[in-house]
């Protein structure tokens, strides 16, 4: 009988630590709903004590999601654990994930505590978490550089205190597969009460080995893996959920376990996370990249046409890919629109949101003859993004360009419900547009990244623009879509500005 491998998704917590990837409460709820549809076992919704916004997001996800365990991170401090417990009150099933550093350098330089003091604090934290839930996870931060004898000592103590999951993090992505797998195996074998807890892996991708290290951990006894959609996360990111899940499922000849993940929702989850965070999926990204199932070489194409398994080890349709099938047109009705979006995993909270999305669909259908699923997802994502309260709204944009002449952009914005207009003349249409917006917003913004991609194929395709803005040390991403690239650019810039005005810095720890 195949053992169950628990999938612990931390896109909403660790994934959010990607530079500029801060999410609003509504964005976290949207991603959490998709994770629930995917049948993710545990959703780490945030770090409840980090900010009021984080607390509200954890609380909202806990109240809405019914079929996944909802988790909040908490340092091994009473105030953190109490805040997490309060945020999780409404959850159908909850978990508190507490942690403390265990490597010599962290204990000495960061915590300024002795090993015995660290053990005592960890035990007290687990016992306090038990006031709120009997589902308690403990992580020895920087376990990859910790002394193994000390790891055995502290893990045995926290299991005895009530920890039910032991998560071994490679916080700085330092380990390599055989080393990390051996650590997991040794801990399970050496700790007397290891059978009372599930062992978990949390790997970072600094050396490009997060998925490989996690798979090695599974082969050596770990039965939970912590991961993020698209491998999002601080620095080089975390273990990629889609890669880990499909590796285990594809190689059942090697792994004696499998996940409960409904892989049909992998692609939609990937695109949603990309849209919300502004982190574009590279074309050659395994499983979800545009080229993941493409075959250029003639010999490969011939082989696939004759028999798929000659060059494909997975079916594209099993992770949500289709053939860019034309699904709707300008004569399609509201109900057909709603039904198609439901099949794509998109739901609306009220008729007003549906009507707004349908209006935008009709506007798009007048500009673009062929409407694909990717168009619908991009359109709805923008609709839901703009449904949030915004201090700045784009009313109109007029751009005049001429070869070898400066470009002129006239922008009309609503700023705090006041209509304002500005014109700028510069060497480029995008630069002129951004300059005009900046003059109206009256804040100095540093543009760190500007990228354009097409949502589908064709000259009339929707263009998706992503910008990364920096303001007073804060980094945010903004997204915009339109059949006109300059308009999409303006939308993305305004979206980023609104995030600058609302997103606050949060003290997220590393694990």
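Every residue, even glycine, has its Cβ placed from backbone N, Cα and C.
According to Swiss-Prot, 202, 204, 238 bind Mn(2+); the candidate from 14, 26, 41, 417 that the record adds to this site is 14.
Excluding the listed site residues 14, 202, 204, 238, the same chain places 10, 169, 203, 205, 210, 226, 227, 228, 233, 234, 237, 239, 511 with Cβ atoms within 8 Å of the centre of the Mn(2+) site Cβ atoms. Averaged over the region 'Regulatory domain' (393-511), the predicted model has a pLDDT of 89. Cβ neighbour counts within 10 Å, taken over all protein chains shown, single out 202 as the most crowded of the binding-site residues 202, 204. DSSP places the residues of the region 'Regulatory domain' (393-511) in helix, strand and coil in these numbers: 31 helix, 53 strand, 35 coil.
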